[in-house]
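*Asks:* Quick one: structure below, then a few questions.
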Amino acid sequence: MSKSSGGDSKNTLYCSFCGKSQHEVRKLIAGPTVFICDECVELCMDIIREEHKTSLVKSRDGVPSPKDILKVLDDYVIGQQHAKKVLSVAVHNHYKRLSQAGKNSDVELAKSNILLIGPTGCGKTLLAQTLARILDVPFTMADATTLTEAGYVGEDVENIILKLLQASDYNVERAQRGIVYIDEIDKISRKSDNPSITRDVSGEGVQQALLKIMEGTVASVPPQGGRKHPQQEFLQVDTTNILFICGGAFAGLDRIISARGKGSSIGFGADVRDPEARRTGEVLRAVEPEDLLKYGLIPEFVGRLPVLATLDDLDEDALVDILTTPKNALVKQYQRLFEMESTQLSFKEDALRCIALKAIARKTGARGLRSIMEGILLDTMFDLPGMEGVEEVVVNKEVVEGRAKPLFIYSDQRTSADGASA
């Protein structure tokens, strides 16, 4: 319906789709016989955009262009343009290698595995998860912290290939064209500078085990996982065409890079810039293979990851965008929770910037945003279900800083204000 009947609200207009009145939404667009609000328009755009995603990453010859892949990544991941470009080109080249695999050619295209390095909460895992949504090759994510050498308690490296097989419905042909993302790769660094001090089954041992499957080998994969079923037949999977992307925070790597870059100059020409003033992401841009060796990765493992991409720290503007822009942005999530209580939730611009600055101070990146939001809204979410007539809750900078309570706007206040203005 477009208009209500009877009473003082005789001339009030309503959205024909969701039923909200003109006072509950920012904009109401009129058609010949219907009305639609800005929220319904935004929802329709999200649905169309989601359906359009799969067609964006396919071109005429089946190989998506780097620009198409980047365009989709931009919808989900804020900032990190360099890392997104590296991933877009790598995935594009991976598709091209697969399209050339069956053709006779003098030149064999070798794969270029990727290493993503960046501070915690900057979007490494989100980039991988977004790729998984948009690609039409099998994709799996593995956690390096659970891996151990074969024969020890924990997961074998073959379990990574098993997950890829499961993602391809046990189609070996499709699994051999897949992409694997290994998270927390920095956690398998060598635990000691002396390689012979003791057997390192979850550090250097895992690096050694990963070498062959990353370069290309025929791996024997138990279809039921583990070694508990000795009678089962093993599946043979060729890993030559599987692209490996590794990611890690590499905490402390920035100190190794800074130490390498320090000179012993003194006097008037010396650089007296405080190394602490440089942000982690800025320091990581100068990473060299020798820094990774000092961190604890073995030379052979570093050699299997020729493409190196570093991610930047998220600045204030990027964190504000993360709060509001993506489809599943935090602010939208909490607004949906408040809508279930028939209440609108709104944040002032200064409040969003204050939340972003708090997250930067905590050095937890985007991951710190949720805990800050929970702290701000805890009392409100506790009290709201027992309150009646609350139409809107407004959060400003003072609320984020803990100097004030959120502003509650009641429906009777808004009605009286409308009457006064009339």
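Even glycines carry a Cβ here, placed using N, Cα and C.
Annotation source Swiss-Prot lists domain 'ClpX-type ZB' at 3-56. Among the features that Swiss-Prot reports, Zn(2+) binding site is placed at C15, C18, C37, C40. Swiss-Prot lists P119, T120, G121, C122, G123, K124, T125, L126 with the feature ATP binding site, giving sequence analysis as the kind of evidence.
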*Asks:* What's the number of neighbouring CB atoms sitting within 10 A of the CB on C15 (Zn(2+) binding site)?
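*Replies:* Its Cβ has 23 other Cβ atoms within 10 Å.
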*Asks:* Among the binding-site residues C18, C37, C40, C122, L126, which residue has its Cβ surrounded by the fewest other Cβ atoms within 10 Å?
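*Replies:* With the binding-site residues C18, C37, C40, C122, L126, fewest surrounding Cβ atoms within 10 Å: C18.
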*Asks:* Within 10 Å of the Cβ of P119 (ATP binding site), how many other Cβ atoms are there?
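*Replies:* The answer is 24 other Cβ atoms.
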*Asks:* If one measures from the C-alpha of G121 (ATP binding site) to the C-alpha of C40 (Zn(2+) binding site), what distance in angstrom results, rounded to a whole number?
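*Replies:* Each residue's Cα considered, G121 (ATP binding site) and C40 (Zn(2+) binding site) end up 32 Å apart.
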*Asks:* What Cα-Cα separation, expressed in whole Å, is found between C40 (Zn(2+) binding site) and L126 (ATP binding site)?
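*Replies:* The separation of the Cα atoms works out to 28 Å.
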*Asks:* Could you give the mean pLDDT over the domain 'ClpX-type ZB' (3-56), rounded to a whole number?
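*Replies:* Within the domain 'ClpX-type ZB' (3-56), the model's average pLDDT equals 77.
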*Asks:* Using a 10 angstroms cut-off on Cβ to Cβ distances, just flag whichever of G121, G123 is the loneliest among these binding-site residues.
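*Replies:* Across G121, G123, these binding-site residues, the one with fewest Cβ atoms within 10 Å is G121.
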*Asks:* DSSP three-state call for C37 (Zn(2+) binding site): helix, strand or coil?
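*Replies:* SS state of C37 (Zn(2+) binding site) = strand.
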*Asks:* Using the centroid of the Cβ atoms of C15, C18, C37, C40 as reference, list every other same-chain residue with Cβ within 8 Å of it (recorded Zn(2+) site), in sequence order.
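*Replies:* Sorted by sequence, the hits are S16, F17, G19, K20, V25, L28, F35, I36, D38, E39, V41.
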*Asks:* In the same chain, which residues outside the set P119, T120, G121, C122, G123, K124, T125, L126 have their CB within 8 A of the centroid of the CB atoms that define the ATP site?
*Replies:* G118, A249, L311, G365, A366, R367
